[in-house]
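Trainee: Dropping a structure here in structure tokens format, bear with me for questions.
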Amino acid sequence: MSIEIKNTGVKKVVLAYSGGLDTSAIIPWLKENYDNCEIIAFCADVGQGEEELVGLTEKALASGASECHIVDLKEEFVKEYIYPTIASGAIYEGTYLLGTSMARPIIAKAQVEVARKVGADALCHGCTGKGNDQVRFEGCFAALAPDLKVIAPWREWTMQSREDLLAYLAERDIKTSASATKIYSRDANAFHISHEGGELEDPWNEPSKGVWTLTAAPEDAPNKPEYVSLEVEHGRITKVNGEALTPYAALMTLNAIAAPHGVGRIDITENRLVGMKSRGCYETPGGTVMFAALRAIEELVLDKTSRNWREQVAAQMAHLVYDGRWFTPLCKSLLAASESLAESVNGEVVVKLYKGQATAVKKRSPNSLYSEAFATFGEDQVYDQKHAEGFIRLYSLASRIRALNANDVKSK
């Protein structure tokens, strides 16, 4: 079932390996089509779960890899990618918190680092030719290792289905736990899990309960709300319910607290980078709580023009992250702008979790620009309401002149 491809002198390839059906088939395919090159399997631990890593090395070696490198990226992923992204306010098309997108640059970077370490001359990924990830990975490779060849089997081989891949492995006596009846395509990390395919391909189908794996259905969530306290320093979550935690530990703690309340579910039809629309269901419990907490503090501390600028940064950042442009000058610039704005994003927030909702119900900050003395509707001693008259006259001056000009024209 494999096609003949002219060897280009590749001797050692680092493959982004998950142990799933696709990458299990890629290992023997590379050997057969790239002159029996050496395959180094690489797996990034970004918090997808210990169960996904059990037996991974043995599986890779059994498939024909000479080595398997499992790199723990969990803490770095949250600290250096998730925290800066949510601090920027980035949210794609108004709903998607970019869980999959944020993971791609750190995985690509670590894959390049392994390639340099073992002296590889090529990188390989198992992304399909229809998806965003091929662009994200290869864009990062281009920025970090333009000298390394990139191999994308899904754009080269003749196999088109799970059945084809299973038959390919069976012909070579390579064992796999995969079956032809897999319903959904899922991708998990510490921040979220995504679900695509199966019944979700028809937008008229409501997602069944079998789609969701991380969060409770909101209607089945507890009838009593739960309150969680978050402390924020410079746009980063530092404490949860009074306990100082590392970024990864804070996210895991919030996942465990928010998931039973059905927080963080979305069902969207998004515009893919490659031009088509796709439907995905995403579960992001802890990230949703973090996002709500940061926005609540921003309401207190950012003035109007700063808030408007942050929204512009967020919109640009969302597209850069989604499109795989993390390692670009513009992304670096936007992250610096976000970091500057986050200097005053300090304080404490209490978030109410109830039936799928995460609502900031209490907030305070030492940098707050909100003054109860000025904002009160009751009697106060600090604000002279007569001062508003001059401001209004100047604020509306352009409108006044425009109207006077129009009246002058009419009278002629």
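Cβ atoms are placed via backbone N, Cα and C, with glycine included.
These came from Swiss-Prot, pasted as-is:
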BINDING   Ala16, Tyr17, Ser18, Gly19, Gly20, Leu21, Asp22, Thr23, Ser24, Ala44, Gly126  ATP binding site
BINDING   Tyr96, Ser101, Asn132, Arg136, Ser185, Ser194, Glu270, Tyr282  L-citrulline binding site
BINDING   Thr128, Asn132, Asp133  L-aspartate binding site
Trainee: Using the alpha carbons only, what distance in Å do you get between Ser24 (ATP binding site) and Thr128 (L-aspartate binding site) once rounded?
Mentor: 15
Trainee: Counting only residues 6+ away in sequence within the same chain, which have a CB under 8 Å from the CB of Gly126 (ATP binding site)?
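Mentor: Correct list: Leu15, Ala16, Ser18, Gly20, Asp22, Thr23, Ile26, Pro153, Trp154.
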Trainee: What's the CA to CA span in angstrom from Arg136 (L-citrulline binding site) over to Thr128 (L-aspartate binding site)?
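Mentor: Given the Cα positions, Arg136 (L-citrulline binding site) is 12 Å from Thr128 (L-aspartate binding site).
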Trainee: Sorry to bug you, but what's the C-alpha spacing from Asp133 (L-aspartate binding site) to Ser185 (L-citrulline binding site), rounded to the closest Å?
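Mentor: That separation, Cα to Cα, works out to 14 Å.
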Trainee: Just to verify a number: CA distance, Tyr96 (L-citrulline binding site) to Asp133 (L-aspartate binding site), in angstrom, no decimals.
Mentor: 16
Trainee: Enter the number of other CB atoms within 10 angstroms of the CB of Ser185 (L-citrulline binding site).
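Mentor: A 10 Å sphere around the Cβ of Ser185 (L-citrulline binding site) contains 15 other Cβ atoms.
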Trainee: Which one is it: of the binding-site residues Tyr96, Tyr282, which Cβ has the fewest other Cβ atoms within 10 Å in this structure?
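Mentor: Selected from the binding-site residues Tyr96, Tyr282 on minimum Cβ neighbours within 10 Å: Tyr96.
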Trainee: Return only the integer: C-alpha distance in Å from Glu270 (L-citrulline binding site) to Asp133 (L-aspartate binding site).
Mentor: 14
Trainee: Count the other Cβ atoms sitting within 10 Å of the Cβ of Thr128 (L-aspartate binding site), across every protein chain shown.
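Mentor: There are 15 of them.
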